[in-house]
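See structure below.
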Amino acid sequence: MASNKVVFSALLLIIVSVLAATATMADHHKDQVVYSLGERCQPGMGYPMYSLPRCRAVVKRQCVGHGAPGGAVDEQLRQDCCRQLAAVDDSWCRCSALNHMVGGIYRELGATDVGHPMAEVFPGCRRGDLERAAASLPAFCNVDIPNGTGGVCYWLGYPRTPRTGH
């Protein structure tokens, strides 16, 4: 009977400790906004509806140059693109903005959002090259993205998944 009281007391102490720690953390983070990507990283909220127009031009030029970093892109255009990407205030939203931009490029060209990576979306530019150029822009621009590896957006690893347009 005494051992049950000890176990019960220990469990009660653990529960009270967890609740106290949770309350302390909630109080500590009360001024910070914590959200999932889906709540904030939407066109018109986390980034503009027509996102990154200068980056669209960079991606198209890189694609025709078959993704060579800096290939066929003049310095002013690169700087403009990098400023636009860095201006997406929430670094968590940068890959979402680039994904939305790629969907916009496809719509502008009359291409579907999904297709084979080797399919051309415009002369000299294959779908896979376009997506690779877009996903690599954070590394190209040296801007922080917490949701990718080596400055490359996470969605590049899923080239055959449907694009949501945001």
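Cβ from N, Cα, C; glycine included.
Worth saying up front: this structure is predicted, and the values here are computed from it rather than measured.
The feature signal peptide is assigned by Swiss-Prot to 1-26, with sequence analysis given as support.
Neighbour count (other Cβ atoms within 10 Å of the Cβ, all protein chains): 21 for Cys93 (disulfide bond). The disulfide bond annotation in Swiss-Prot covers Cys41-Cys93 (among others), and the record cites similarity to another entry as its basis.
Residues annotated as disulfide bond in Swiss-Prot: Cys55-Cys81 (among others). Within the same chain, the residues at least 6 positions away from Cys55 (disulfide bond) whose Cβ sits under 8 Å from its Cβ are Cys81, Gln84, Leu85, Leu98, Met101, Ala134, Leu137, listed in sequence order. In three-state terms derived from DSSP, Cys55 (disulfide bond) belongs to a helical segment.
In the three-state DSSP scheme, Cys63 (disulfide bond) is classed as helix. If you look up Swiss-Prot, you'll see Cys63-Cys125 (among others) marked as disulfide bond, on the strength of similarity to another entry.
The disulfide bond feature in Swiss-Prot is assigned to Cys82-Cys141 (among others). Other C-beta atoms found within 10 angstroms of the C-beta of Cys141 (disulfide bond) number 20, with every protein chain shown included. In the three-state DSSP scheme, Cys141 (disulfide bond) falls into the helix class.
DSSP assigns Cys95 (disulfide bond) to a helix in the three-state reduction. Sequence-distant contacts of Cys95 (disulfide bond), defined by Cβ-Cβ distance under 8 angstroms and a gap of at least six in the same chain, are Ala135, Pro138, Ile145, Asn147, Gly148, Cys153, Tyr154, Trp155. What Swiss-Prot lists as disulfide bond is Cys95-Cys153 (among others), and the listing cites similarity to another entry.
Per Swiss-Prot, N-linked glycosylation site is recorded for Asn147. Following the DSSP three-state reduction, the secondary structure of Asn147 (N-linked glycosylation site) is coil.
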Candidate disulfide-bonded residues Cys41, Cys63, Cys125, pick with smallest Cα gap to Cys141 (disulfide bond): Cys63
Fewest Cβ neighbours within 10 Å, where candidates are the disulfide-bonded residues Cys63, Cys125: Cys125
Cβ neighbour count within 10 Å of Cys82 (disulfide bond): 19
Cys93 (disulfide bond) versus Cys82 (disulfide bond) - Cα distance in angstrom: 15
Residue pair Cys125 (disulfide bond), Cys41 (disulfide bond) - Cα distance, angstrom, rounded: 28
